[in-house]
Amino acid sequence: MTPLAGGIAQSTGEGWAQIADFGLAVLMSGLIGLEREWRQKDAGLKTYTVVGIGSALFMLISKYGFGDVVARGTVQLDPSRVAAQIVSGLGFIGAGLIFTQRGSVRGLTSAAGIWMTAAVGAACAAGLPILGALCTACYLALSFAKPLNRRIADHVNGTGNGDGGGNGEGKGSRGADGSGSGGDADEEDRIEDG
């Protein structure tokens with residue numbers, strides 16, 4: 001065991017570096033959760049932060065939790081197995097957030113966000129804080145760029161006047177009776193933000 005400042009043993013994973021990694025995971029997952037809370041989604045600050053904390057904790061346990069067993073030299077551990085199980089477990093939770101009803105899918109963004117938040121927590125705990133922060137920044141940029149994306153799509157498709165809504169002159173879907181939606185149908189009608 002290598003002692004750190006203050007006599008904390010590095011091989012046990014209870015040093016300041018691990019605490020900093022864990023703290024960053026809490027902060028990054030909390031930022032993602034705040035965005036979802038701000039949009040008044042069911043899965044918000046608490047859910048996303050707990051997912052990030054849990055993933056970080058599992059990763060730290062897999063890296064440092066078995067030091068006494070490894071020290072004997074009889075067992076070799078593969079920390080990547082825990083990361084793989086985090087992905088599987090979060091896939092199960094994410095699947096519970098996705099609902100399909102009358103041709104629309106709800107909860108897809110929440111499920112993807114939870115999955116990504118787990119990855120951010122794991123990255124921070126694995127000693128990849130820049131990667132975790134970069135992924136969080138990308139998520140937030142994509143989330144807040146949504147109105148801009150809609151304006152660009154409306155302009156390209158000729159379905160709107162740039163205010164995010166359709167103007168009734170674009171390519172609308174036609175029903176069996178020939179009536180149409182006037183161009184107001186967009187991807188959000190089919191895949192709703194979760």
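Glycine is treated like the rest: Cβ placed from N, Cα and C.
Per TrEMBL, the feature transmembrane segment maps to 15-33, 45-62, 82-100, 112-142. Look at TrEMBL and you will find 23-146 tagged as domain 'MgtC/SapB/SrpB/YhiD N-terminal'. Annotation source TrEMBL lists region 'Disordered' at 158-194. What TrEMBL records for 159-183 is compositional bias 'Gly residues'. What TrEMBL lists as compositional bias 'Acidic residues' is 184-194.
Sorting the domain 'MgtC/SapB/SrpB/YhiD N-terminal' (23-146) by DSSP state (H, G, I as helix; E, B as strand; all else coil) yields 94 helix, 6 strand, 24 coil. Mean predicted confidence for the domain 'MgtC/SapB/SrpB/YhiD N-terminal' (23-146): the pLDDT average there is 88.
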